[in-house]
Amino acid sequence: MSVNDQITHIGKTLSTTASAFLNYQKSNSNTQDVLTNNGPYKNLLSNTVNNASSTSYFYKRTEHGRFVKNASNTFEDIYSKTRRGDVFRNKFTDNKTCFRMLTYISDDLLNEIPTKEGLKSDADGKLLTEGGENENLRKNASKKETSLFQGFKSYLPIAELAIENTERLNYDTNGTSGTVGAKDVMSKTNERDEIHTELPNFQDSFLIPPGVETKKISSSYSPSALKSFSQTLVNSLEFLNIQKNSTLSEIRDIEVEVENLRQKKEKLLGKIANIEQNQLLLEDNLKQIDDRLDFLEEYGLEVIEANSDENAEDDGMSERKALKNDAIRNEGVTTESISSEASNLPPRRRQQLRDDNSLNRLGAFYSKSKKRHRKSFPTFQQLYEPGTKIGSIMSTHDDFLTCLDFDAPFGTLCTAGYLDHTVKIWDLSKQNKIGELAGHLATINCMQINRDYGTLVTGGRDAALKLWNLNLAQQLYQETQNLTSPTNHIDSPCVHTFEAHTDEVTALSLDPSFLVSGSQDRTIRQWDLRSGKCLQTIDLSFANVLTTSTNVDLSKSTLLTQRNERPSIGALQSFDAALATGTKDGVVRLWDLRSGKVIRTLKGHTDAITSLKFDSACLVTGSYDRTVRIWDLRTGLLNKFHAYSAPVLSLDLFQENAAVVVADEPSVQIYDSEKDESWSCVEQGNETSVSTVKYKENYMVEGRENGDVNIWAV
């Protein structure tokens, strides 16, 4: 197409477009249909396309989405420019004029910027002032949304400070141009991060704007100078207000992000909890299968499996026959038949028969094949903030809890209460009752769980020590709850009873192979778990040296009013051949069980010792003298001690040089001797005192005077 034809088309285009808009003003039709409904305009558009030969003409002018420069350089494409000056270079005018034309924004367009309320700026067409705002907009700045220009201006000082700090970091203070080491790069990076974090802290640099001096304000007599100062301060106030609103907006964005992260964390916590629940379920099923296999093997109830599925019905009949025959064969060893046969024997022979049966079961129970190893351990408690209450079990017993123990976080819990002769078993994950152990004739004072074998050892005021099978107890309890006729088990949950003490058992410690017990009869006994025999007895003839101290307020402690006498042996713990005991005279003694003699004595308490725990480095003791003392086992010296307002009733080792302490108060105290600080796990509104506590793997369970149990993450 020639140049004349192009000029002709331009003239037709202008006249057609003008006539279309003139007709639009007269007809008041829809704005969007002004040109599309105009016939001459559509014909002109069609002729333009036809004169271009084809639509490929337009595609020929492009390359990878951009228009390419033709030979005549009449088409200007700013994306194809390689230098800044080429953007404004053309054949029609100079660069300065082109720049002004391309960057010009009329006042009408600026006044058409919508505000937050949907209203437009003043329509008087006034130009923006030096401050960058319309005068009327400035008066209502606090009521309207901050503009992009204002926000940009408010952050200019921050950008300048960042550039200044970056240049300072990049400057080589040694004046050398050598290679910078990796450590220098890391230190500079960390320093940049610190500077970036501290950028919003303007401190004193923006309190007084430049050009305003407080001394001149108080001494000036020039109205113009004072007005100038006033205008500068007003502008600075507006600037700070914009900056404050922008910062508040950032804070709101951060709060939204934090809330989103919190919700995401809660979902992930729920996922972990679900995974660990499934792990516990699978562990329980594995344990149940192992117990069933041991039961079938022990009593010869295995049935030969069929070789094909076709004989399944016959196999079922043969299995029932085999069970019937086994029941007939073993009829003589059932509980009822044993009783009938034993009734014809002398009393001494009857007791011997029962003892032999118990010892055989004890030896078989502690065989190596019975030892259980968990495939997984819960870690969910580590995700809680320390001091968070995980859950609670209400009214486990009618009176205060005398002792409790659990095998693992979210595992199995056993509790005993005052004047309650039974042990109750609880599921810590579901927080419900799953079993019960009956057999003691008086209050149970102490207990300990062996999670490798799934056993519990208890000591009571009936002078008896009992070893329980927790798995069997749960199975029997489940059968009872399902209202099914319980299997006529030869076994009972009580595997063995250790009887030798002549007074109540006050403390015990369970080792992999041995059991050590302390009694009010002033003796310590060491038992073999596989044979049930007492290996040695240590007589504590000194236990009556200390009488009841008058320093202790007996009316304050619920335990003391119901237990009027201090225990002769308040606490003990054994590990291999080492034994630590805390007695009524307030002295801690370290024993060698191989010789049965004291190898070290730790003196410091002024009243009976109630609890103690030790590890490889330290020993922690609690006493009725209202103190907790931490001893160095290597030197035998006292490291730290901490005083409380009430007698210390129970404690457990939290970590090295730290302990979880119960001091007859509504809260559990965690005392860290290295940091010399103490913090508490307290339930708001609960004034019931804590009587006993156990801690394992950031998981703490405490029992209270009203029978409640609370579970904490620490």
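Using N, Cα and C of the backbone, Cβ positions are placed for all residues, glycine too.
These numbers come from a predicted model, not from an experiment.
Residues annotated as coiled coil in Swiss-Prot, with sequence analysis given as evidence: 240-298.
Taken from Swiss-Prot, the feature compositional bias 'Polar residues' applies to 332-343.
Residues or ranges marked as phosphoserine in Swiss-Prot (evidence: a large-scale study or a structure entry): Ser376.
Annotated region 'Disordered' per Swiss-Prot: 323-354, in sequence order.
Beyond the ends of the repeat 'WD 1' (396-436), by six or more residues, the same chain brings 276-277, 280, 374, 377-378, 380-381, 442-449, 451, 454, 456, 458, 460, 468, 470, 473-474, 476-478, 493, 558-559, 562, 691-692, 694, 696-699, 701, 703-709, 711 to within a C-beta distance below 8 angstroms of the stretch. What Swiss-Prot records for 396-436 is repeat 'WD 1'.
The helix, strand and coil residue counts that DSSP assigns across the repeat 'WD 3' (500-539) are 0 helix, 24 strand, 16 coil. The repeat 'WD 3' annotation in Swiss-Prot covers 500-539.
Per Swiss-Prot, the feature repeat 'WD 4' maps to 561-603. Helix, strand and coil counts from DSSP across the repeat 'WD 4' (561-603) read 2 helix, 26 strand, 15 coil.
According to Swiss-Prot, the repeat 'WD 5' annotation covers 604-642. Among residues of the same chain six or more beyond the repeat 'WD 5' (604-642), those with a C-beta under 8 A of the stretch's C-beta atoms are 546, 549, 551-552, 560, 566-567, 570-573, 575, 580-588, 590, 648-653, 656-657, 659, 661, 663, 671, 673, 676, 678.
Sequence annotations record features per position, and here Swiss-Prot assigns repeat 'WD 7' to 685-714. Within the chain carrying the repeat 'WD 7' (685-714), a Cβ under 8 angstroms from the stretch's Cβ atoms is held by residues 377-378, 381-382, 384-406, 408-410, 413, 415, 417, 426, 428, 431, 558-559, 649-654, 660-662, 664-668, 670, all 6 or more beyond its ends.
Applying DSSP to the repeat 'WD 1' (396-436) sorts its residues as follows: 0 helix, 23 strand, 18 coil.
Distant neighbours of the repeat 'WD 4' (561-603): 418, 506-509, 511, 514, 516, 518-522, 524, 526, 536, 538, 540, 542-546, 548, 554-555, 609-614, 619, 621, 623-625, 631, 633, 636, 638; these residues of the same chain sit at least 6 beyond its ends, with a Cβ under 8 Å from one of its Cβ atoms. With DSSP classes pooled into helix, strand and coil, the tally for the repeat 'WD 7' (685-714) is 0 helix, 18 strand, 12 coil.
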